[in-house]
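Colleague: Pasting a structure below so you can have a look.
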Amino acid sequence: MPELPEVEVSRLGISPHLIGQHIEQIIVRHKQLRWWVPDDVHLAEGHKVNDVRRRAKYLFIDTDAGSIILHLGMSGKLRIVNSETPVIKHDHIDIVLTNGVCLRFNDARRFGACLWQRVGDPEIGMIAALGPEPLTSDFDGQRLYDLSRTKNVPVKNFIMDNKVVVGVGNIYANESLFIAGIDPRKAAKKVSKKSYLALGDIIKQVLAKAIEQGGTTLKDFTQADGNPGYFAQHLRVYGRKGQACEVCESEIQSVTLGQRNTFFCEQCQK
């Protein structure tokens, strides 16, 4: 599943091709994605793309009329192609520009989304409820500490809660907790303030490094130019069950927390 770094890498990849260009046509081949694609997305036709933004794992293609909102879901990909490029299986949506460039949305599992937000309308509820962005000053370890004081849930589940902070998905939660030396099973309220202050900084570093490396390619994710992400080469615990810990050489363990595979070193994480 594409997580925040992968979505940010996609944004960085498509932005230079879209910003300043006019949308000629939006082609919807399959309306039934996670939610039905609204007919109102066609209101963007004829308008210039002013910006391409990201909020959590949502991408906003801004025009004077409103914003096309894209979510990659479990397996979504965005490709920049010539508008004459033949479609392949699972190519559901084309955003065709007047210069012949096309942003093509492919989603094999159809858990992605294409929504519309008209200029002046309030934010869609699920977006308005999101917590702060992890790479901004609105998020830090103090926030984690303050919000965790009554939380009995495992700390890994806590930092993956989008109301606490957006974008700390399963891969990066595992990696951040390993670097911080925190057992992912530990109750959130039992983690010390000192540990949370360090964890806040580590989350920022891990996500920034993943973006710099082009995201993590495990199965479905590729960059907008079709190239893979390389952060998978730097994973220290995720997906390494049974292998030796890079620090102490103990065996990496795996359990399920919140229906997610969780990887950790019992010796290094307390």
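Using the three backbone atoms N, Cα and C, a Cβ is placed for every residue, glycine included.
Sharing the features that Swiss-Prot gives for it:
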type: ACT_SITE; residues: Pro2; note: active site, schiff-base intermediate with DNA
type: ACT_SITE; residues: Glu3; note: active site, proton donor
type: ACT_SITE; residues: Lys57; note: active site, proton donor
type: BINDING; residues: His90, Arg109, Lys151; note: DNA binding site
type: ZN_FING; residues: 236-270; note: zinc finger
type: ACT_SITE; residues: Arg260; note: active site, proton donor
Colleague: Taking only the recorded positions Lys57, Arg109, Lys151, Arg260, which one has a CA atom nearest to the CA atom of Glu3 (active site, proton donor)?
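Modeller: Nearest listed residue in space: Lys57.
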Colleague: May I ask you to report the DSSP-based helix, strand or coil state of Lys151 (DNA binding site)?
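Modeller: Coil, per DSSP.
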Colleague: Lys57 (active site, proton donor): which of the recorded positions His90, Arg109, Lys151, Arg260 have a C-alpha within 10 angstroms of it?
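Modeller: Among His90, Arg109, Lys151, Arg260, not one has a Cα sitting within 10 Å of that of Lys57 (active site, proton donor).
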Colleague: Could you break down the residues of the zinc finger (236-270) into DSSP helix, strand and coil, giving a count for each?
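Modeller: The zinc finger (236-270) comes out at 0 helix, 12 strand, 23 coil.
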Colleague: On a simple 10 Å Cβ count over all chains shown, which one of the recorded positions Pro2, His90, Arg109, Arg260 is most densely packed?
Modeller: Pro2
Colleague: What's the CA-CA gap between Arg109 (DNA binding site) and Pro2 (active site, schiff-base intermediate with DNA) in angstrom, rounded?
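Modeller: A Cα-Cα distance of 13 Å.
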Colleague: Near the Cβ of Lys151 (DNA binding site), how many other Cβ atoms are there if near means within 10 Å?
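Modeller: Summing over all protein chains shown, Lys151 (DNA binding site) has 17 other Cβ atoms within 10 Å.
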Colleague: What does the structure give for the C-alpha distance between the residue listed as 'active site, schiff-base intermediate with DNA' and Arg260 (active site, proton donor)? Integer Å is fine.
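Modeller: Here the two Cα atoms lie 15 Å apart.
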Colleague: What is the interatomic distance between the Cα atoms of Arg260 (active site, proton donor) and Lys151 (DNA binding site), given in whole Å?
Modeller: 19
Colleague: Express the predicted model's confidence over the zinc finger (236-270) as a mean pLDDT, rounded to an integer.
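Modeller: Here the mean pLDDT over the zinc finger (236-270) amounts to 97.
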Colleague: Check His90 (DNA binding site) against DSSP and tell me helix, strand or coil, would you?
Modeller: coil
Colleague: Based on DSSP, name the secondary structure state of Glu3 (active site, proton donor): helix, strand or coil.
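Modeller: In the DSSP reduction, Glu3 (active site, proton donor) maps to coil.
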